[in-house]
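K.L.:
Pulled from TrEMBL, these are the listed features:
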type: ACT_SITE; residues: Y137; note: active site, proton donor/acceptor
type: BINDING; residues: 11-17, 106-109, K141, 164-167, H180; note: NADP(+) binding site
type: BINDING; residues: K188, W203, R210, D270; note: substrate binding site
type: DOMAIN; residues: 7-238; note: domain 'NAD-dependent epimerase/dehydratase'
type: SITE; residues: S108; note: site 'Important for catalytic activity'
type: SITE; residues: C110; note: site 'Important for catalytic activity'
Amino acid sequence: MNKDSKIYVAGHRGLVGSAIMRKLQQEGYTNIITRTHKELDLTSQAQTQEFFEKEKPEYVFLAAAKVGGIHANNTYPADFAYINIMIESNVIKASYDYGVKKLLFLGSSCIYPKLCPQPIKEEYLLTGPLEKTNEAYAIAKIAGLKMCQYFNRQYGTKYISVMPTNLYGPNDNFDLETSHAFAALLRKFHEAKINNKPYVEVWGTGTPRREFLHVDDLADAVVYLMNNYDENEPLNIGTGKDITIKELAGLIKEIVGYEGEIKFDTTKPDGTPRKLLDVSRLHATGWKHKIELREGIQSTYEWFKGNWK
Ligand code: GFB
């Protein structure tokens with residue numbers, strides 16, 4: 001990308017899209033185009049085609065998606081499958097029709113089989129059954145990733161895909177029903193502290209292991225890869241380190257400064273037992289994460305206190 005290349009960030013208000021915007025602006029990219037959901041419904045093929053015909057972006061970051069935590073994924077599978085497949089199909093096809101030079105597709109680490117060997121290598125994709133709580137989202141993301149590869153194979157396009165691990169940071173969704181674990185726990189411990197609640201409820205057994213990447217690191221990685229990665233093979237993005245949900249809860253509790261108890265609600269699902277990405281292919285490109293978890297929790301908590309309402 002040149003500093004004046006026309007770049008479309010799809011989903012620029014979300015956790016990932018807003019971080020990509022911050023990164024591009026910091027690096028001096030001057031020609032970024034966006035549309036709010038209200039201005040452009042990417043599930044509409046007609047609207048998407050019209051937008052691409054008018055704007056003709058050169059580069060596309062495809063960060064628009066319906067996302068959510070374990071409960072939302074488990075409760076609204078039709079929406080997760082339908083909306084994501086529509087957005088991907090429309091944006092990828094319009095990118096081809098209107099000559100986009102390069103597109104970066106955001107997949108997810110939940111596309112891998114539920115019980116795959118750890119850490120998870122990119123080649124484990126489609127080697128076993130998926131985790132049921134997020135199967136619909138995973139199927140949709142696999143479809144998007146594969147579609148990028150098929151367009152590359154058939155039409156010689158340059159569409160790359162990445163699989164980020166569990167993300168956190170500013171502009172996350174802090175709704176307790178639909179959010180991911182990180183955001184929910186940060187809010188729960190904060191509110192318990194403010195309201196002097198005797199305990200905080202953590203879903204599941206606390207034993208599942210997850211890897212957490214700050215979204216500013218993800219944004220740094222995807223801008224780097226847009227400029228430096230041209231392979232047809234998708235790439236994991238993570239830190240290469242994981243912790244249990246119980247340990248995460250303990251860390252957040254300590255950073256928030258909450259002194260009550262933690263209770264586990266085992267009527268809630270655990271999801272996949274472990275999800276740790278193998279990041280050797282990513283490191284071979286020359287990129288490595290910079291924000292460690294403790295410092296990431298601290299800065300996200302500062303952001304949360306100043307911005308969340
Ligand atoms: O982050 P999370 O919702 O999704 O949950 P996944 C991770 C783990 O944290 C599960 C537990 O074992 C949850 O039971 N957990 C504990 C909580 N307390 C809470 C809480 O208050 N809220 C939530 N949400 N979880 C997601 C997928 O799976 O991974 C998405 O559903 C996405 O598709 C994402 O791909 C990366 O890590 O299990």
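Using N, Cα and C of the backbone, Cβ positions are placed for all residues, glycine too.
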K.L.:
State the mean pLDDT for the domain 'NAD-dependent epimerase/dehydratase' (7-238).
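P.N.:
Mean pLDDT, the domain 'NAD-dependent epimerase/dehydratase' (7-238): 97.
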K.L.:
May I ask which of the recorded positions G14, Y137, P164 have a CB within less than 6 Å of any atom of ligand 1, listed in sequence order?
P.N.:
Y137
K.L.:
Hey, what's the Cβ neighbour count for G14 (NADP(+) binding site) at 10 Å?
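P.N.:
There are 21 such Cβ atoms around G14 (NADP(+) binding site).
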K.L.:
Of G17, S108, P164, R210, which is closest to Y137 (active site, proton donor/acceptor) if I measure between C-alpha atoms? They're all binding-site residues.
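P.N.:
Nearest listed residue in space: S108.
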K.L.:
Out of K188, W203, R210, D270, which of these binding-site residues is nearest S108 (NADP(+) binding site) by C-alpha distance?
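P.N.:
Among K188, W203, R210, D270, R210.
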K.L.:
Under DSSP, is P164 (NADP(+) binding site) helix, strand or coil?
P.N.:
strand
K.L.:
Does anything in the same chain, at least 6 positions from R210 (substrate binding site), have a Cβ under 8 Å from its Cβ, and if so what?
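P.N.:
Counting only residues 6 or more apart in sequence, the Cβ neighbours of R210 (substrate binding site) under 8 Å are T165, N166, A181, D242, I243, I245, L248, K275.
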K.L.:
Here the recorded positions are C110, L167; which one has the lowest number of other Cβ atoms no more than 10 Å from its Cβ?
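P.N.:
Ranked by other Cβ atoms within 10 Å, the recorded positions C110, L167 bottom out at C110.
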